[in-house]
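Notes follow once the structure below has been shown.
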Amino acid sequence: MAGSRATRRPFLGLSVAVALLSLQLLAGSGARGRLIPGETGAPADLGTGGAGWGGESQYGPFLRLGLPSGSASGEEACEQTYGVLPCTNTAVGNLFLLLVYGYLMFLGATLLSNGSEMLLEVLGPGIVGGLFLPMLGALPDAILILVSGLSGSRETAQQQVLIGMGLLAGSTIMLLTVLWGSCVVIGKCDLSENFTSIDSQDTKKFSLFGSGISTDIQTSYAARIMVISVIPFIIVQLPRVFKLSSGHRVTILISLIMSIVFLLSYCLYQAKLVNMLVFQPWIQRRRLAYAKLKHVISGILRHAEDQAPGRLFKDDGLPNIEVIEKLFNIIDENKNGLVSYSELKALVLGIQFEVIDLDSDDAVDKVMMDFDTSGDNNIDLEEFKIGMCRWLGEARHSVSASGSHSKFFHQFHLKTQEEHDMLLDKSDEAEEHDVNNLTLTTVKAVLLLLLGTIIAVLFADPLVDTVHNFSNATSIPSFFISFIAMPFATNASEAVSAIIFASRKKQRTSSLTFSEIYGAVTMNNTLCLAVFLALVYIRNLTWDFSAEVLVILIVCIVMGLFSSFRTTFPLWTSLSAYILYPFSLVLVYILDFVFGWT
């Protein structure tokens, strides 16, 4: 997926970010510009607007841009973040601020995502790409978790840290339920008799069992890694499970260390995978050349079955040597006991290969090299029989032997064509990732990363404060606000990209989509959890998040194990994923507010 999003409207994002940042700073500057010197409060006519100091308006303030320290009002004054950003105590005003700050965090996450992918193109594979870039994707969540309990007194931090836990749990569960299910629905294709998806074919529409998606085995490995990454959650809960009166800080420290170890191990694992891509172009060319040879041979076998005086297979499934010898005599036009280059080329030219772009000379060279073991640029009878028996065995292992012989060879020909097209698609995608101007790309990547980080750092604290204020104004627990709303802001860029890739309706893009989902959850369970645990340990906060940890464990383990041992997911699996989202919300509510776990 590298490079696909990095070029998607980066300068538009930059312009919007700079514009919004300027507006926020102007708002703050205007706030201080309206201050009136003196000990008395503001005049009544200045307090009745939609934005002011409050206390005189019959409707109450919508947003508060400035409050002199000596003013008094009937309501408690809100606290402005950084002393300049607007604040309010009303539900409507905080909802507006939630939308503004949420969009800014989305913008920061998008810039970080685009910049990291551009930087990956420049850095290429290696330790830097494996260690540095995966962390950038989780950086907005990590910053929000950090600021949720960084400032204020210990009691204030204990209250606001619920916002960080809500974001951590909500992000993980949203990725594995709403986004996972949506990618199945959008990426679904028809399922074949072998229970694998057929690329770009979606004729069964919304058939719960007849349509779905398929992924490769590496995607299953990513799901297993995700399941393993929940171990620190289990360790930190041990004192609660066994009702121990001591050892809480020790288990928090152990979980913190394990989270960091898992994070480094995962990044090194990612670096190893990326390093393997160094050889991918060479391997890809070799595979593509072999797939083309296989397709040419399948065409020869299909043509031979039609032209030969008999069947190429006996009734017992073994090659029919007698028919193969007769076929050799047909191809050997001058009857000298050898199939020459020109005779082989005449055979290849007589076969129709409409689908693939075939260079006849190249195809003849490959077939001659495959059959001519003596290296004399001719194929004798013995070499012909050995080569034909080998390729007939290859066909027998590739396609089931049901139906007529002509149908069997036709199916083998179609299968080799699909393999060739799949490798050709991979080769085309690899070529799209070439970077023409490394210097310009590096500058763009660094600017995007820098601006994205600045936006995330600047507006994380205001967003946390706004969630807390909105919770106070509406009496909605801050955990549920951060659980539902904030993950859609910080993960929106990844979600849009995943849906776009899933819409291509190919096994390769589906594999990439779901691998990124599992990878994002793994980063939540390592990097974001490590930040949260460090915050709790350093500020000596109470670990009181049993319900939240339980829903994370349930969703991660259920979806992880379900995805670890299968590679095809029918449409009905999306419904199961969707159900887990409201189930998680209801379970947390029942455990916290009915059974009093918190």
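The count begins at 1 with the first shown residue.
Using N, Cα and C of the backbone, Cβ positions are placed for all residues, glycine too.
TrEMBL entries are annotated by machine, without manual review.
Note that the coordinates shown come from a computational prediction; the quantities given were computed from them, not determined experimentally.
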Ranges in play 95-115, 221-241, with TrEMBL marking transmembrane segment at 95-115
Could you give the number of helix, strand and coil residues in the domain 'EF-hand' (359-394) as assigned by DSSP? 26 helix, 2 strand, 8 coil
Quick test of the contact rule: Cβ under 8 Å, at least six residues beyond the ends. What residues does that give for the transmembrane segment (250-269)? 127, 130-131, 134-135, 225, 228-229, 231-233, 235-236, 238-239, 522-523, 525-527, 529-530, 533-534, 536-537, 543
Going along the chain, which residues at least six beyond the ends of the transmembrane segment (514-539) come within the CB cut-off of under 8 Å? 1, 134-135, 137-138, 141-142, 145-146, 148-150, 154, 157, 161, 164-165, 168, 171-172, 175-176, 179-180, 183, 215, 218-219, 222-223, 225-226, 229-230, 232-233, 236, 249, 252-253, 255-256, 259-260, 262-263, 266, 270, 491, 494, 497-498, 552, 556, 560, 563
For a three-state summary based on DSSP, what are the helix, strand and coil counts in the domain 'EF-hand' (319-354)? 20 helix, 3 strand, 13 coil
